Amino acid sequence: MKGFLEDANYSIGLLDEGATLADVIDNCIYEHTQTGKRAFYVGDLGKLVKKNTQWQNVMAPIKPFYPVKCNSTPGVLEILGTLGIGFACSNKSEMVLVQDLGISPENIIYTNPCKQASQIKYAAKTGINIMTCDSDIELKKIARSHPNAKLLLHIATEDITADEEMNMKFGTTLKNCRHLMECAKEFGIQIVGVKFHISSTCKDLQTYIHAISDARCVFDMAEEFGFKMNILDIGGGFTGSELQLEEVHHVIRPLLDVYFPEESGVNVIAEPGCYYVSSAFTLAVNIIAKKTECDKLLPSGVEQTRDDEPVFTYYINDGVYGSFASKLSEKLNPTPEVHKKYKEDEPLFTSSLWGPSCDELDQIVENCLLPELSVGDWLIFANMGSGTLGEQSTFNDYQRPLIYYMMSFSDWDEMQDAGITSDTLMKNFFFVPSCIQLGSEDRFSTAA
Ligand SMILES: Cc1ncc(COP(=O)(O)O)c(C=O)c1O
C-alpha cells in the first residue's frame, strides 16, 4: 500500500499487557490538567480491527465500503485501508484523502446524492467511476461531466420510522427508475446497480425485505433496457452491536440467496460507518464554567425554579459546534460519566450540560443526574467515534480536541498474525512500556 499522509504526524501507542483504555484516559487527564485542560479523544484502533473480523465472520462476502464522512481521522483511514476495505466518499476532499492512502479507484465509490459538477469531473479524471444517482437532473450532470460513470440507482426505502427526512430527500421510486434508465440510454451512461440505505434507528427489519425485493425489480427492469447490472449496495445503518449485525444478516441472507444468488454475479456491498468507528473513540471534556440555581434570574413573579429544572448547569469545552454536532440533527442522548472518584452515597443533582459557545442550540444534555462537580473536573463520553471527527469547525474560536490513538498489544499481535500490516502503518506505532508516559508523549497526539 502506498504511504499515507506522510506528514500527518500521528502515532499509535501500543499498550503494554495489562494497560487499559481507562489507564490511558487517566494519564492523559493527568497531563492535560498541567497543560490547559483541552478536550481530547482516545481512539482505540484495535476496535476497528475487531469490528472488521466480526464483519467478515457474519456478513462475508458482503464487502464493506466505509463512508469517510463518519470519521476521517488519519489513524482510522489508515487502519481501514490496511484492512483492505473500500471507501464511500461524499466529496472531493474525501476522495483525495483515500487516494493519498493508495486506495485504487475501483475501491472508491462516490455517494453524495447532490454532487458538484467540478467534483464529478475530478472523479472522472482520477478514474473513480462508480457513483450513486437518484434523479434525472443528477444523471444529466453526471453524463456531461463523466461519460464513463457507472451509476448505482439510489432507491428510497420505507424506513419512515427512523430517518424520515433522509428518505424524503434522497432515493427515488421504482417508477422513476424506469425514467432514469430511459435517460441513461439517451445520454449513453451505464447503470450498474442499485443502492439503498436503512438507518440504524429503523425498528422494523422487514424494511430490508421490501428494499431487497425492490432492488430485484430494478435489476429486472435494467435487463429490459440491456444494462448489465452487477452491484447491490445495501448502505449503512449497522450500529456496531454484534446482535444487530446478526439480526440484519438473518433477515437479508435468505433474500439475497433467492434474489441475488452467487451465480448471478452480483457483488453485494455495504456502507457501514458507525459500525466501525463509534465505539472506538472516547471523548474527555473539561468543565469550564458552572451555574447554580441561585445564579438564575427568574421571570418576575416567579419565586422558585421548577422541580425538574437543573440544580447545576455545567459548561464544557466541547459542544454542538464540535464533537456533538450530530445533536443538531438527531435525537441523541449522550451519557456523561464522571471521571473523578466519588462516594457511592454522594447525593446526585439534576444537572444540564452545555457547550462553550453560549449559543442556545449548544445544549448537550438537557437533564441528567450527577454528583456536584467543580470547574476543572472532567467528564467522559463513550461511543463518540462517529460524527465530526476529521471535519473542520470554525465556530467561536473552537479548539479541536486532540486525538490519542492506542492499540492493545494483544490486538496488535492479532493483526500481525492475520497478516494485516503495512510499512507506513507500522512506523506510526510506538511501544508504551508504562501507561504513565502516555499523555506526555509528544508524537502521540493529533488534532481532531
Ligand atoms: C444516507 C446515508 N447516511 C448514512 C450512512 C452511513 O450509515 P451508518 O453510519 O449508520 O452506517 C449511509 C451509508 O450508506 C448513507 O447512505
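The backbone N, Cα and C atoms fix where each Cβ goes, and this holds for glycine too.
TrEMBL does not curate its annotations; it predicts them automatically.
Annotated in TrEMBL:
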- Cys358: active site, proton donor (ACT_SITE)
- 46-278: domain 'Orn/DAP/Arg decarboxylase 2 N-terminal' (DOMAIN)
- Lys69: N6-(pyridoxal phosphate)lysine (MOD_RES)
Identify, among the recorded positions Lys69, Cys358, the residue whose Cβ has the fewest other Cβ atoms within 10 Å in this structure.
Cys358
I'm trying to understand the geometry here, so how far is the Cα atom of Lys69 (N6-(pyridoxal phosphate)lysine) from the Cα atom of the residue listed as 'active site, proton donor', in Å to the nearest whole number?
27
Three-state secondary structure, the residue listed as 'active site, proton donor' (per DSSP)
coil
